[in-house]
């Protein structure tokens, strides 16, 4: 560490883990809880919406959303998220993390409620308003990615920083579980009160009028966890690193941290003067030649790995319905009524999350500061590649009834290693390796690349995975390359993820200023020369 490094920042780096760190994880993580809750619940809602608004008299199967409508309902939130990641990432560096942090949460609250209140009783009206609110819901969720990651990284000590940031992201797992459990409760309650015959027995009566309340309640409840943490987000002070390194007010940074951390941090000196461009190379701007010289490779590494990971991660929805049907968790749609179908899908997806998704997140939390980000990401991409090829090459073997359980096991392991791997590390690393004045923006760019990959995975592969025989494709879809070839392509993309991982530096055990180069480029020196601070821990 350079002698000039500010003591207030050094105090944060060496601070013991305190209750405030865990409070910050909960406050920051509620955005990701809401994010996962919404993305999880929409898969339940779309089935129900199809039955309610796209019922066709005389059809052998229940109504379902047309491909273009399904793509809009699911995809508009991705579009909003991508825009929000870029906009709020940039705004977080310009205005400060705290000043825009509450705005993202309020967007999520208002638009979650608005989604449930989508007005009108005809399909076009309901879908239009639902898509409108889901876009802005995604916009708020997108802002939470760079802001939550940056805030948690700047509050953390260097010993456990990776685990703290990963724990914020791991709240997604609880969001999935919470959404599934709540959907089970609501569908069970309505089913017991308004029982109905299966679709095969009575197509019209199988969807009771009260089912229209079910999807609205499920979507609206997503606003509760976000609303409950709004007050605490507003009470959080600005991060010391932003205040000291970007706003250049070290005394205020010391004062803010003294209030929330169990340590005395005394900052002396007035607000530092703004350095002139000639003072040091620290004045270089985002996307300048100097930026690309120092951080261009890192930004390529974070964006490419997140993009490739999300293609594979979000393509999992293509295979879930086959898996659930194969192991008997979800019977054919015509044998159930609308509420029974919601209950069965919610139960199946909750079990998958409980056995595969959630453990993967928390394995990362447990090991990221022991074996490092690089090792976990490399291991994750490697096993995802292996398991994708293991599913793809003998694909016909797995389609035979006696071998379906093996398919389920390999499928689950693929996404266990996605979560105990790049799904978590791609979120953590961009919050650690860029300078404070670009940190939120670069994380937003990286996460937006990931969301672009999510669109490719969720929608591009939905078309690609269609049967090559046009007579065997799903209704409304053109012929594709088939599931086997899609799995082979996904395996190849995961292998590319291994290669691009080598562009990402290891941040384990290092301070943010070491990783970002702010010690070498003079940022710390300028401030350190103008301000002296003393710290004394009370614990």
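Keep in mind that glycine also has a Cβ here, set from the backbone N, Cα and C atoms.
Curation plays no part in TrEMBL annotations; they are all automatic predictions.
Database features (TrEMBL):
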TRANSMEM  20-49  transmembrane segment
DOMAIN    24-509  domain 'Major facilitator superfamily (MFS) profile'
TRANSMEM  69-88  transmembrane segment
TRANSMEM  100-120  transmembrane segment
TRANSMEM  132-152  transmembrane segment
TRANSMEM  164-190  transmembrane segment
TRANSMEM  213-232  transmembrane segment
TRANSMEM  351-368  transmembrane segment
TRANSMEM  374-393  transmembrane segment
TRANSMEM  405-424  transmembrane segment
TRANSMEM  444-465  transmembrane segment
TRANSMEM  486-505  transmembrane segment
REGION    520-539  region 'Disordered'
COMPBIAS  529-539  compositional bias 'Polar residues'
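Contact between the transmembrane segment (405-424) and the transmembrane segment (20-49) is not supported: fewer than 3 Cβ pairs lie under 8 Å, counting only residues 6 or more apart in sequence. Contact between the transmembrane segment (132-152) and the transmembrane segment (374-393) is not supported: fewer than 3 Cβ pairs lie under 8 Å, counting only residues 6 or more apart in sequence. The stretch from 69-88, 213-232, 351-368, 374-393, 486-505 with the most CB pairs below 8 A to the transmembrane segment (164-190) is 351-368. By the Cβ criterion (distance under 8 Å, sequence gap of 6 or more), the transmembrane segment (69-88) is not counted as touching the transmembrane segment (213-232), fewer than 3 such pairs being found. In this chain, the transmembrane segment (20-49) lies out of contact with the transmembrane segment (486-505); the count of Cβ pairs under 8 Å, excluding pairs fewer than 6 apart in sequence, is fewer than 3.
Listed as Cβ neighbours of the transmembrane segment (374-393) (distance under 8 Å, sequence separation of 6 or more from its ends, same chain) are residues 305, 309, 312, 364, 367-368, 407, 410-411, 413-414, 417-418, 420-426, 429, 484-485, 487-488, 490-491, 494-495, 497-498, 501, 504-506. Confidence over the domain 'Major facilitator superfamily (MFS) profile' (24-509), given as mean pLDDT on the 0 to 100 scale, stands at 87.
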